[in-house]
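The structure under discussion appears below in the form of C-alpha cells.
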C-alpha cells in the first residue's frame, strides 16, 4: 500500500512538471510547423513546377505539376513510379558550397544532377520496402557538376497509401540547408520519437500499477481495469508515433500499414472508456450501447482498413477514420457538457478538454491529408498528443489514488 501510494504521488508530480514544462513548447512547435508549411525562407532557389513522367501498370504519362507533388492525391489507390525534372541556371546559385534539401522525398529515390547521381536511398524496384519519406533528406552538390544550364532529375518509387512524393526542393548554401535539415529533422523525427518513448514508459508504469492495485486493495476486488485500459491506449499511441518515423517496418507494405491505423482506433476507444470511468458514466443506460459501438468500430476496422490499404480502396480508410473521429468528437462534446455541470469533477473536465482537442485536431488532419496538396504530411495530432497523454496519465492515477483512499473506508464499514 505504501509503495503504491508513493508511486502515485511521485508520478503525479512528475507528470504535472512535464505538463507545465512541455505545453508552452508544444504550442510554439505547432505554430512553427504551421508557418513553415506555407514556404521556406526567402533568398533560396525553390522550385514551384516540375515536369513529371509517371508509370502506372506499364502506362506512361507526362504532365506539369506544382510542388508539393503528393502521389496519393494525384493517383489515389495506385502504386507506380515517377520521374520529376527541374531546370535552373548557374547564375541562380550562390558562389559558396551548396546543397540540396528535401523536407520529404519518398517512398524511394535516386537524385541526379546533369546525369550524375548525387543521392539515393531505398530500392526503386522493391515495392513495399523501405520508406524514405519519413524524414528530411540532405545532399551535398559538387561544384564541378554545375553547368550554365542544369537539369535536376528525381526518380521515385511510389507506394499506394504511403504519402509518397516530393514536398519541396531547395538549393542554397550548405550551411543554410544544413540548418534547415537539422531543425526539421529534430521536430519531424526527434520529437515524435521522444513522445513515443514517453508514452511507452507511461504504458509500462500503468501495467505495473494495474498488477499492484490488485494486491494492494483491501476489498478483494482485484486489479483496477482503468490502469490496463490506460496502458493499452498509451502503448498503441506509442506504436502509432513510432510508425511515423520507422522507415523499415517489420512487415512489408501494405500489410504493416494496417497496424498503426488500427492502433489509432484502439487508442481512441480505450481513451473513451477511461473517460467514462473517470466521469462515472459506467451505470448510465446508454453506456453499454456506446461500448458496443466502439467495439463495432474496431471490428469493422479489421475489415475496412486492410481492404482499403491492400485492395487499393482509400475511400474505405477515409470513411473509417471519419466515423471514428466523429464518434470521439460527439463523445467529447457530451463529456465536456457533463463535466462542466454540477455532476462533473476536475479529472473529467481535464479529460473532456483533452479529448475534444484531440478529436478536432484528428479530423483536421484527416481533412488536410485527404483534400489539400499544399500542406506537409506531418500530423498535428502527433504533437498535440503529448498534452493528451500527460492528462490521461495524471487523471488515471489521481482517480486510482482517490479510489485507494475510499476503499479502506468502505472495507472498514463493511
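Every residue number used here counts from 1 along the chain in the order it is shown.
Cβ atoms here come from the backbone N, Cα and C positions, even for glycine.
Note: TrEMBL annotation is automatic and uncurated.
Pulled from TrEMBL:
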TRANSMEM  186-212  transmembrane segment
TRANSMEM  224-241  transmembrane segment
TRANSMEM  253-278  transmembrane segment
TRANSMEM  290-309  transmembrane segment
TRANSMEM  315-336  transmembrane segment
TRANSMEM  348-367  transmembrane segment
TRANSMEM  379-400  transmembrane segment
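Proximity of the transmembrane segment (253-278) to the transmembrane segment (315-336) is established through 3 or more Cβ-Cβ distances under 8 Å for residue pairs spaced 6 or more apart. Most Cβ pairs under 8 A with the transmembrane segment (186-212) among the ranges 224-241, 348-367, 379-400 are made by 224-241. Below 8 angstroms of C-beta separation, residues 76, 161, 261, 264-265, 268, 271-272, 275, 279, 290, 293-294, 297, 300-301, 304-305, 307-309, 348-349, 351-353, 355-356, 358-360, 362-363, 366, 370 of the same chain, each at least six residues beyond the ends of the transmembrane segment (315-336), sit close to that stretch.
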